[in-house]
Amino acid sequence: MEPIWLLLLLAIFTVSVSAQFNGYNCDANQHSRFPAERDITVYCGVQTITMKINFCTVLFSGYSESDLSLNGKHGDAHCRGFINNNTFPAVVIFTINLSTLESCENSLVVSTVPGVNAYGIASMVQIGNISGYIDTPDPPTIISYLPGLLYKFSCSYPLEYLVNNTQLASSSAAISVREGNGTFISTLNLLLYNDSTYSQQLLIPSAGLPLKTKIYAAVRATNLDGRWNVLMDYCYTTPSGNPSDDIRYDLFLSCDKDPQTTIFENGKSQMGRFSFEVFRFVKHKNQKMSTVFLHCITKLCRSDDCHYLTPTCHNRDRRDAVIRTTLTPYSLSGNAVVSAGPIITRSDETPANNSQLAHPGNQQFQINSVTSALISGVVILGATSLSFFIIALTLLNRKKQNSLVLCGIRNPVFN
């Protein structure tokens, strides 16, 4: 009889457990417990934050999916989750859209702290933190035999990114950045145009661009909600596609700006715009064409706080770019590097600059301006000396003729 009673009790327990989990994808041995911290998983994205809660432990605690809501908003259906029974264990999924995160009273706190950017340069860094909680409602009675459930979540967003464009012939590049403090994926574009209206994208001819050609550049962020703006912190150029190249020329860094660079918009929208004139690197002096690669360190700042991060400049002299040519990146971890081809410039040398003279030894040398000036001086001096010699000789002959007339023999006929 005892084995029969044991089998009967086991069957009753199995039926009660099955009834408790209501046929959801749960395991009685693993999930017959109250919720723990490991029962919530948070995914932080640029457009949405997703939370997955173990639904089996919620059922064991005596609640259903309709009892869980964001930040105590139990009367708002938009702040509730939905069940996914295609996973093990079954989960309740909550999704927060960052563009409307205040609708369920989620909290956004942006802190600005001193720090260094990817190149070791002192800069103000912004950190965005979005937080909230998921809970069950309080019972209407004075006491309750059910535990109250509370799940907390938080996502931190580092807002500084390195975007560089190293194949500017294609006039655009896009990158995706994944940061360690949560998953923050953003698309940044560096676009080049040949007009101030930013309507015609730049096409670089195979022969290269003439020197001093004006290029209009724009750094733009997409897939972001309206609370974020783009703030260009540091833009510079290198002769190679390596943003860590020891040789670099700064276009602008804070208030220090190249005289040929003009900033039109920065920190006021999701696009930063500036222009600069094409130049060549001296290291390419023996080449008919020079390559220039553009790189920018870009911040994302909250639209209300961008003006605090934008420097106030009052006729400051630009620092010499050579001072920073020996800087090396502090760290490139967590920053994305994109390559999109070089700006090609031509030297536009004149025939006078290319004129050469043949040497008997089949060697060639080039007449520079100093040698030309010396030769001209010698020719002028020789011509002047010859003129003085001819004048002196003429005067001497005239004097000799006059002397012969005065000292001549007296003609007896005149007697």
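Glycine is no exception: its Cβ is also placed from the backbone N, Cα and C atoms.
What Swiss-Prot records for this protein:
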SIGNAL    1-19  signal peptide
TOPO_DOM  20-372  topological domain 'Extracellular'
DOMAIN    43-320  domain 'ZP'
DISULFID  Cys44-Cys155  disulfide bond
DISULFID  Cys79-Cys104  disulfide bond
DISULFID  Cys235-Cys296  disulfide bond
DISULFID  Cys255-Cys313  disulfide bond
TRANSMEM  373-393  transmembrane segment
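Sequence features annotated in Swiss-Prot and their locations in the structure.
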residue : record         : Cβ within 10 Å
Cys44   : disulfide bond : 21
Cys79   : disulfide bond : 21
Cys104  : disulfide bond : 20
Cys155  : disulfide bond : 22
Cys235  : disulfide bond : 26
Cys255  : disulfide bond : 14
Cys296  : disulfide bond : 24
Cys313  : disulfide bond : 11
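Under DSSP, Cys255 (disulfide bond) is assigned to coil, being neither helix nor strand in the three-state scheme.
Of the candidate disulfide-bonded residues, Cys104, Cys235, Cys296, the one lying closest to Cys255 (disulfide bond) when CA atoms are compared is Cys235. Distance noted between the C-alpha atoms of Cys155 (disulfide bond) and Cys79 (disulfide bond) is 18 Å. On a Cα basis, Cys296 (disulfide bond) lies 26 Å away from Cys44 (disulfide bond). Cα of Cys313 (disulfide bond) to Cα of Cys235 (disulfide bond): a distance of 17 Å.
Cα separation, Cys235 (disulfide bond) to Cys79 (disulfide bond), rounded: 43 Å.
When secondary structure is read from DSSP and collapsed to three states, Cys235 (disulfide bond) falls in the strand class. A distance of 37 Å separates the Cα atom of Cys296 (disulfide bond) from that of Cys104 (disulfide bond).
According to its DSSP assignment, Cys313 (disulfide bond) is coil. In the three-state DSSP classification, Cys104 (disulfide bond) falls within a helix. Cys155 (disulfide bond) falls within a strand when secondary structure is assigned with DSSP. DSSP assigns Cys296 (disulfide bond) to a strand.
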